[in-house]
Every structure is written in structure tokens, then in C-alpha cells.
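Worksheet for the structure shown next.
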């Protein structure tokens, strides 16, 4: 034994000479060679439990030491109690110690399963808080501690041969900290554990602990800090030699106190030590119920072990621990609960239960849940394993089949099959020579690459795109004008300019015998059918249709593709279009070209320059394909709401076609022909169930949908029919007829109620005409005297002023100042005695101040309003005008003539004044728009003055006579 490992551990465990002397005597007076590092260094005696209780990790060594202890006591040798006489007796004559030991005969046979001696009462324990699973008695658990104060306390306890602690479960499973600031954070019932092994991991301490019994916390204890070890060593070196009695007295008086128990409240801060008491279970009788529960627990444990072999080691450890667990209901209940993976509060309930039958019942409930979970896991495991086996078997069979086919010559290699597939695609296509050279080169490179390399997949994808382009493949176009016109008229009402341009394109293609691509741009307000007419054009021409939107696009790669060097690279939209349509002459709609963005990845509008240039797109170069592609036969149609935001070079490459808004009559026709039938079909109705008359549609257009397009009108019609469907299904009515009287029940109150602000215009107020996104509208200009004019030339400043309000833009403000200057000059020529505009302070306002207004077309209207105020005469009633006026009075042309004319007619105007250069725009309007209107085309403002103030003209003529 002297040279064995067990003796070395025993020697190290005996931390004072009082404990080492009997060991030395039993070993024949020889200190083990491997144990010389354990020589005493001023350690104090320990009055704790017997030393072998420290060595749970070496039960054989502990058993051997206990045998020496008992043999020494029987022979009368030196005791382990630390008595001085006994110690000397055992040390002075090593032979007598050995003889005494031999005289008593050999000690009892000690095995690895000999139970360790644990103190029955140990009230003061370090507190270790754990999460998720509590420690049950007779079970081992690995615990890690990071709290530095607690680590130091545990080391000190083990150093003093008191390797015991209390392990308690935290109430909050999410609290990973091992610092306990309040006893309310933990359950008060825990386990008294013995520390078997400690491993220092730097920032934390890992321990193997074994539970022994249940304990309950009484209160918190305060820990007194230990003196530094360096000071103790210095004191020991300076100690003079003293007698035995002095040493005993000094040892008794200077023994360190580690725990201070005070009657006051618990100290604030961390809880490191607690006072505990043992928890005793209630007395019980082994009744039939207990026997039945015990038997059922044993059966369930065996079932779980049969399903899950991972539990066998834990159960065998309990079975070999020196007691028959199956005969002890107390241990059996703990083992049953510890084997489960139940919730922490359920395990704590088992730990706190003192009634053994109830504890057995709770443990059995947890075991049953675990058994069901184990069965489910086993079933899922079998299913997964079966699937894996099937997949593996299928893979093996497929590989064998490939080899067999290859040996028989029935199947070619993967690379050969890929090459054959690509060449098969190109057989029916007219591939240009430069493209075919690239294909051959890539196929040769593909044959040299490994199937599993990344370059192989990149090359294969490139060849897939390159061979998917419809080289030389066209769709048969329809060059029949009558059929094309019928298709266009069938799908859309109005839009004569667009239809005429498409028919012209067909006529030119018919005369040439071939078609060429064109780039058209339809611009106009929202909802007028720009996008939908493109689909109808594709149907009329019998071309494939492809649409993509560039609104908000900021990446050039969306149009021209990515370089092949990028991961996941792919071609741009145009190449994708050719692959999808499988023709070289599709109709491509580029939507919202006026809303294209610009970002750090480039300017997409610049990328469109090459695409939409007829001279360049015959050799369009995509970044991904890197070979020229012919797009000269593609018909490009772009759509936009406004043209100002389209870059000038891009606008120059497109043929701009204006798609103006619809008038009320056109909207009514569209609603009756298209919108109402479509909405009826969408709502599951027919004419026998719901009826909308023309009067209802007219009222909808007039009071709810004044915008240029028909999208809002479509929404309102669908709303009416949805409510009609609800009434029919709910049983309120079998037939719903919508009339002008009950229209508000379906769509709510009217949005537009007043056509014009003034039925009779007073002096200083003139009706103008304006263009808006919703079409045209009337715009009144009001003028008023801001303060009385100064008639005394000797006092004050005779020069007047003009204040402008109504949220006007800069252009309109400049137009107002020009009109004010011209009006003063014109009035001086017309009536030199009238100084009103020279000396008065005038306020000019354009109503509806919340609506921003801008543009130069109100110049004539402002001049007329100022002159009306100065002459104190109203203008001709039911008169409206538009036109920009220069500083010399020349009337300049403006835009939006159609919308403004429609607005004037809707407001009941009978006479309108337009610039002479807008005569061509007016005569392009439909007859039903211009019918009933008196139109005057003017070049100078003098003509407008004669029209607006006929009385002034009559007076002037009378004076001349």
C-alpha cells in the first residue's frame, strides 16, 4: 500500500500530522515516494468528519484508509481524534504501531461500494444555486460555479476537510447567474451534497457533487473573510518552541471562525452561507398502495430502459450503490424523478414532498410522461431511419443502374448528355457564327471540368442561357389592317392617336414585306389605358407580350445583366424576355419610364439609351452573355405620366404619343361597354339581378369620378355591384336597381358638388381655365382693394402695390407681376385719367389656397381681373379664358386645351378665349366637345379686352363717331 495510488491520495487527504501519523504507522513508517509533495506546511488539525469521507472519487482508497482506522483503534494505537498522547504513541515507535495493528488481526474487507461516512447534522452550508434540475439524494451532478466569492468559500471548506454544500434550485430557469442576492430567488428545500472532485477552469470552478439528504433553509448566514495565507506563514515562522499544553491552548483559542450567526436581519448582498436543517419524511407503512406504486415505478423504469439505453448506466449506478433500491420506496421515488426530463417545478415538487406515497405517485406520473416521450422518440427514430435506408437503397440501385446502362451502351456520361442536350437545342435555330464559336469553346471547356466543381455549374448555366435564346426565330405577324383595327376597337374606346399609329406601322410593314422594331412612348394621366393598350397591340399584331417596370429601378444590372464572375449572376430583363417569349420579335412594354431611379450601382436610364436606340440595339451586348444580340425587330412601348422627368437623350430616342384623358361622354361609353360587364362578372351578377342605368353612371362620373382616367370609375362601379350582391345574398332584395335617388346608399356622399364658385361674376373676378392631374378645371382669379388709395399727392407715396396669395408657384407669381405691370400700362393708354392701379394697394387671390398652383397660363385672366377692378365693371358673364401674356401684351400659347375646354363646358361656359397658336389643338377635339361653344382666338390682349368688356368697346366706338 505504501507505494500505491490509494496511499498517495490518503496521504494528501490527511492535511495535518495528527491524521498522518496513524497512516505512517500503518504503512511501516515509510512516506510514499509519490506523496512527498504532501508534507505538512503548517496546516492546522481538522475536527471534521473522518478523512475517507473526502475521497468519493477513489472508493478503494477510502475503504483502505477506513480499515486502517478501525484496525488502529482495536490495537490501541494512536487515534485519529487528534489527542496528543495518542499521536505520540503512534509515532514514537513505528514497529509497535504495526505490531498493534497486527495483534488485532486484519481489518474488515473493504470494497469500492463501501458507504462513506457523512455527518448526520451539518447546519452551516455554502449555498450553490442551480437551474433546470435539482440534485436528488444518491445522485451525482456536475456543478459549475463562477462567483469568485463562492469559489473561494468552497475552496476554503474543502481545505478544512468540510467538502459539503447545499444545492438549491432557482425559481427562474432563465436566470443563469450563480449569484443569489435574496433567498426568495430559490426554493428553500434542497439537497445536502458532498463535493467529490474539484477542477479549476480559471474563471470558474467545476465540481462533481453527490446528494445525500434533503435539507431546508432556516436563514442566511454571514461569511467572515479569511486572513491571507501569507500572514499565517510569517506568523508560523516566527513562533518560538512551546510546550504541549501551550500548543493545545493556543490551538483552541485561535481556531478560525468562518460563520457569524446573528439574531438580526440578513445582511444585504450575496447569499453565500445558509443555516439548514434536515428534512425528515413522514412515517409510513408499506401498504398495498405503496407496494403497487413501487412495482409500477420499477416496471416503468424497465420499460424506459428497454426503449432508451441511455438510462441504463444511471440505473446500474443506483443498483450497485450498496442498497436494493427496488426495496426502498424513498430511494425509488428519487430515482424515478431523477431519470425524467420533466419541468423544473415538477421535479422540485417531488423533492419537497415528505409524504412517501404521494412522492411515489408524483414520481410515477413523471415516469409515465417520460415513457410516452421515449416511445414517441423511438417511433420517430424508426421512421427517420427507415427513410434514410430507403434513400440509401434507392441511391445504390440508381448507381448500379447507371453502371449497367453504361456497360451496355444505353446511357452516356453526364457531360456527353449535357453537350448533346445543348446541341439539340441549336439544331432548329439560325445561330450566328460568332455565337456558335462561343458555344463550341464553352462546350470544350465543360468537358475538361470536374462535375462537382463550381466552375462546371457556372459554365453549364451560361450554356443553358446561351442556347435558350431564340436565334433567328420569329412569330408570324398579322399585317391585316381590318383585323388589327377590329381588335383595337374591341378592347379600347377612344385613343385614336394610338390606334392610328399602330395601323400606320402595320401598313408600312405590309408595303416593305418585313417588319422593323419601333420605340413608342405613351404618356398621359393615370388610368387612361396606356398599359392595357400595349397588350391589345400585341394581340392585334400577333406578337408575344412581355412587360417589366422600371419604376424605382436603381441597378443597371436589371437591364444589362451581371458579370459572370459574380455568384448567382444572371442576364438582364431583355435576355430574360427573349428566353420567355421564344421569339426575336416580341412586344416589350417598359412601364413607368418616367419614374426610373438612380443609385450607386449606376443610372438605368443611361442603360436604356443603348436598348432603345434603333441604330445600336441590333448589336445589344448583355453583360452576362457577352455576345451581341439582335433586338432590331422588337417593338418597344414605354409608358409615362409626365415627360419632364424623362432624360432628354432618352426622350429623343422615342416617338412620343399623348394619351389624353377622357371626357364625360367617353367615360360613359367605356363604363357601359367594358366596366359594368366586367364588374358584373366579377361579382357573380347579371342584368336580371342588378341594373345600373346611364343616368346613374353619368351621376357617378359627374359627382364622384372627375379624374382623367377611368380607374376610379371602375372602383365605384365595383363598389355599387358588391353592395348589390350583398343585398341579394342577405335576402334584402331579389333584384337591385340603382337609381340617381338611391346612389348615395351605395357610394356615399358626393365628392364634387359645386361646378363653379360664382354664378354671376362681380367686378374684379374673372374665370380662368387650368389643367390638373384629374383633367381640367375652372380657376377663378379674385382682386380686391387692400386699403383706400391715397388721393392727396402731397402726402404719402402715390405708387400702389400688389399682394398675391393662394399658394402660387414662382412661375405664377412672376406671371402676376407681369400682368400687373401690363395692366397699369394698358389702363394709362385706355383711360389716362384713371390712376387706380397706380395709386391703389391691391390684393390678388386664387381660391382653394390648400391646392398648389403654378404655370404661366393665367396671365390673361389676371390682367382682365385687374382691369375689371380698376374700371369697376364686371366682365362678360359665362366667359372663361386662358393664355400667357407677355410684358407687351402678346398672348402666348399654352397646353391642356382639351382638358380646359371640357372643364369650361362642364361649368356651363358659353364663350372661351384661347391663344391664336392653339387653334390647331382646338380643332383636333371631337365635335361633341366643341359643340355650343363660342371660341375666340386672340394674338394680343386688346382683343381680349374688347371681348370681356363689350360696353367699353361700344363707348369707344361712340366717341370715335
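Heads up, the Cβ atoms here are built off N, Cα and C, so glycines get one too.
Among the features that Swiss-Prot reports, transit peptide is placed at 1-67.
Feature annotation from Swiss-Prot assigns compositional bias 'Basic residues' to 235-244.
Residues or ranges marked as compositional bias 'Basic and acidic residues' by Swiss-Prot: 245-257 (among others).
Within the model, the domain 'Lon proteolytic' (760-951) carries an average pLDDT of 88. Annotation comment: Swiss-Prot describes 760-951 as domain 'Lon proteolytic'.
According to Swiss-Prot, the feature compositional bias 'Basic and acidic residues' maps to 784-801 (among others).
Taking all protein chains in view, 26 other C-beta atoms sit within 10 angstroms of the C-beta of residue 857 (active site). Sequence annotations record features per position, and here Swiss-Prot assigns active site to 857 (among others) based on sequence analysis.
When secondary structure is read from DSSP and collapsed to three states, residue 900 (active site) falls in the helix class. Annotation for residue 900 (active site): spatial neighbours 769, 770, 771, 776, 882, 912, criterion Cβ-Cβ under 8 Å with sequence separation of six or more. Per Swiss-Prot, the feature active site maps to 900 (among others); the stated evidence is sequence analysis.
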